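The feature transmembrane segment is assigned by Swiss-Prot to 4-24, 47-67, with sequence analysis given as support. Here Swiss-Prot flags GLU54 as site 'Reversibly protonated during proton transport'.
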Amino acid sequence: MNLIAAAIAIGLSALGAGIGNGLIVSRTVEGVARQPEARGQLMSIMFIGIGLVEALPILGLVISFIVLFQ
């Protein structure tokens, strides 16, 4: 049962991060297409957002390790 819970925790967090990263990158590409002069500012904001979104799978991994080795 712990193995299933750990797999669900890491799977759902990876799924959420994948969807979030896709949305962030697509909106950034749309913004650059509309305003090419704002490319640098949009890219830095995008990288900060991706870093925050990638914290979710790391937390999912930690939670799955806690559940797995409990």
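Note: Cβ is positioned from N, Cα and C throughout, glycine not excepted.
Sequence-distant contacts of the transmembrane segment (47-67), counting only residues of its own chain at least 6 positions beyond either end whose CB sits under 8 Å from a CB of the stretch, comprise 2, 5-7, 9-10, 12-14, 16-17, 20-21, 24-25. Tertiary proximity for the transmembrane segment (4-24) is limited to same-chain residues at least six positions away from its ends with a CB under 8 Å from its CB atoms, namely 46, 49-50, 53-54, 56-57, 59-61, 63-65, 67-68. According to DSSP, GLU54 (site 'Reversibly protonated during proton transport') is assigned to coil rather than to any helix or strand.
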